[in-house]
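A.B. asks: Let me give you the structure first, and then I'll get to my questions.
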């Protein structure tokens, strides 16, 4: 609109300002509304109403949807956290339950079988349990010389040992609460050997301080042997020279599984390389069937089972085949010696007979060789020997120490002893029964009869402190109070038998004998046992035992340490570890050769001059140090006695189902 300002006219460009514009806008809207018909107004009201209703429903739902989605995410996160927490709790509970279950393993291990037998029998159910044995034949030495700890209710009482240097017999009052034993344990068990190989060389393995000391002793001996005698049978640490017995690298093959068990990778790899590249059986040289079986074949088999390395299996098969001609005697009782190159077997050079322990302590190894190769010829050969000896007449289950390979008969006038030439016959009766999953009762029956014979014919007590010992029957008739250190394999074997179903008095005898074997060390000035002791029987004796000058040497033997290992593993009583630690320290003090490992000594009665014999026996690495290491191991799962049986040279072989 155009007009004169003075006349009240104005020009409106469409952008008025101020209150005038607002008033005009309101009037314009009102005029428009007034111009609308009733129908139009109603429609507008309806649209507005619908919009309002929609707003009421849509906006809260959007807000609720957003909140719901957020809540769902939060809930999912919380649920996931709860699931993880529950899983952790469940795993912790499973772990706790598993640990608790270990304490009752033997009762739980046989409970199903027990219940079946109770239903089918009216006999009484006696109190099973848990797990070992050994003997080394000193007469057979060459001419130039290891999910159950002890049960949860085992008593852990204080034990007397305060006067270890006095002549008084120390008191051991620890008790063993025995788990249930079945009436008859002749049943098949599952294959005990794990298919998976344990990582013995894991960098995360832990060792106790005592185990570390034993490892250091092994490494020191191994290092000296490697430096001065690598590849040779025997090491002489004083003269730093070496010698041959069988020309088979005896110390390497005998000690390799100890290196594995201790987790010593470098030492193991050195030994494996030598065995693969340098161990041959083609030397024109006679070897002893027994010693070669327990040390060479046993060492190779154990290394194979611990590592699953076929190098050891192939070498074991080779040596096994080369020794089979020993069994081609008229009686099938094997000859004692054989030339591995020519295959010619014969009786020993010193006489017509074999030692009883020689022909009856090869069964574990040859049977295991059949199991890993699938060839039954090895097991068949040794089973024939076992069956033959089983049918021979005995004295209350006890056997003379000589047997003729041509006639197949015992020498009736021979001595009956659990020492040299006889010891491991008894050990392998029990262990063959265990190795075959307790399925052949012949071995169990012969073993039980033999222990009964020991108790009635050989067990005596010394004066004045009533030390229980095992004597001998000279000529099969006259009692002698002589006991070899070799007999100290017996406490471990008795305990192993007891936890596998033998009578309770076997365990009682095991503990009494363990005390005696410890005192054979404890009563000597050096705290080391002599090779042979004689026990006093006179009522007015001042000392329980005495030692002849010719018997005062110590050859670093393992039998006492071996039995200490079994007694500790079975009872959980730490007194056996303490006894073992005392013995180990004595070895360190009197048999250690600076810079050259360890040597056997001449006189355990002389602190000032024990005298080195200048010889490291291979069994010191294969057995003595191995059993020290296992003795100081508190875990019952490490080389479980439910899965492995140790041969008489300390080599671990698996337990089979039959």
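Keep in mind that glycine also has a Cβ here, set from the backbone N, Cα and C atoms.
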A.B. asks: Check each of the ranges 76-102, 157-183, 184-210 against TrEMBL and return the one annotated as region 'Disordered'.
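C.D. replies: TrEMBL lists region 'Disordered' for residues 157-183.
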A.B. asks: Looking at 1-24, 25-48, 49-72, 121-144, which one is region 'Disordered' according to TrEMBL?
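C.D. replies: Feature region 'Disordered' in TrEMBL: residues 121-144.
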A.B. asks: Expressed to the nearest Å, what is the distance separating residue 291 (active site, proton donor) and residue 517 (disulfide bond) at their Cα atoms?
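C.D. replies: Between the Cα atoms of residue 291 (active site, proton donor) and residue 517 (disulfide bond), the distance comes to 25 Å.
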A.B. asks: For residue 488 (disulfide bond), which residues of its chain lie six or more apart in sequence with Cβ-Cβ distance below 8 Å?
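C.D. replies: In sequence order, the residues whose Cβ lies under 8 Å from that of residue 488 (disulfide bond) (at least 6 apart) are 513, 517, 520, 529, 559, 560, 562, 563.
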A.B. asks: Radius 10 Å, atoms counted are CB only; among the active-site residues 291, 531, which position scores highest?
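C.D. replies: The largest 10 Å Cβ neighbour count belongs to 291.
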A.B. asks: Counting across all protein chains shown, how many other Cβ atoms sit within 10 Å of the Cβ of residue 423 (active site)?
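C.D. replies: For residue 423 (active site), the count of other Cβ atoms within 10 Å is 30.
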A.B. asks: What whole-number Å value do you get for the CA-CA distance of residue 648 (Ca(2+) binding site) and residue 531 (active site, proton donor)?
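C.D. replies: That separation, Cα to Cα, works out to 18 Å.
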A.B. asks: About how far apart, in whole Å, are the alpha carbons (Cα) of residue 423 (active site) and residue 531 (active site, proton donor)?
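C.D. replies: If we compare the Cα positions of residue 423 (active site) and residue 531 (active site, proton donor), the gap is 14 Å.
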